[in-house]
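To start, the structure itself, in structure tokens.
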């Protein structure tokens, strides 16, 4: 008996300039008590605007300052505040950890969840999972939910004013979507959605990649100028919606496993963003598979145009020994890691691919960057 095809997605996705000013319209009839979660910086950027708009729509808002860590203690602390406020709606505003915490709080309360990302830096906003850390920021577990967010609200004016590095990181995270989904589909592997990929997820993942190669560089320059352009709108949708649906229902493989493998090492690498590490992981996955030089160099060229890392030196591992890289490879091939969705490889194979990807990128840089 073949496995079931499963596709999951948020109930509603809204993207555009100044959409946070319409938040009350989207919540009409759902509830009149909310809890709004944002960190101190994001309160200034978007939090207060959201609360003011809710009040105009006769919706009460309990304001919570997020501590900075998506930990069980923080989830419990905010869930207690939300219970006392009798909140039927949880609104998370900000970056990945804030949004992951908001999802967990809504799950505790069985509440309606609204996600408002302030950067297009990862594909996490649309997903039905959170990454939970210890209070000290050490990865603990994935927490899966029975449903995706009820509403994802992406204000491109806010995204255009976020640091360009965050958009580039989101593009890197999203570029892994098709590379990974394609390999999971080919091998008949499982996805985060709990089944095999659908034709819909395959089409979305492929369109994600096409959009990023077409508009990625233009969107990056738009954010440098702090302006909203058609190219930025296209890339924000690719980074957030297309990549979010594509990774969850299309499948994760080696690129994200290698990203997770890097946690086995200490040092400067941890100052890199999620997407920056995934960029290198994607090159490693391409090196693990049979791809032409032209195909691999297409990715290297786009990464370099977005100031993304492509070599071990770029990800602060210039002096890493084979022993160090084997540690990464062993962690990337640990039981339950996503690499097994698409590959039957050993840690040794992965270590070889890491050194190969590094060499391919170094050679490309020498040839083209003089």
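Placed from the backbone N, Cα and C atoms, the Cβ positions cover glycine too.
Keep in mind it's a predicted model, so treat the numbers as computed, not measured.
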Subject >> Identity of the glycerol-site residue among 123, 307, 314 (reference: 173, 256, source: Swiss-Prot) >> reply: 123
Subject >> Additional site residue, 274, 291, 340 [criterion: listed by Swiss-Prot with 173, 256 for Zn(2+)] >> reply: 274
Original post:
Looking at Swiss-Prot, which one out of 39, 319, 324 binds NAD(+) in the same site as 96, 97, 118, 121, 127, 129, 133?
Top reply: 39
Original post:
If H, G and I count as helix, E and B as strand, and all else as coil, what does DSSP give for residue 256 (glycerol binding site)?
Top reply: helix
Subject >> Cα-proximity to residue 123 (glycerol binding site), 10 Å cut-off, over binding-site residues 39, 96, 129, 133 >> reply: 96
Original post:
Considering only the binding-site residues 39, 96, 121, 133, which fall within 10 Å of residue 173 (glycerol binding site) when distances are taken between Cα atoms?
Top reply: 121
Original post:
Per 10 Å Cβ neighbour count, which of the binding-site residues 97, 133, 274 ranks highest?
Top reply: 97
**OP:** Measuring CB to CB from residue 129 (NAD(+) binding site), give everything in the same chain under 8 Å that is also at least six residues away in sequence.
**Re:** 103, 142, 143, 144, 145, 192, 248
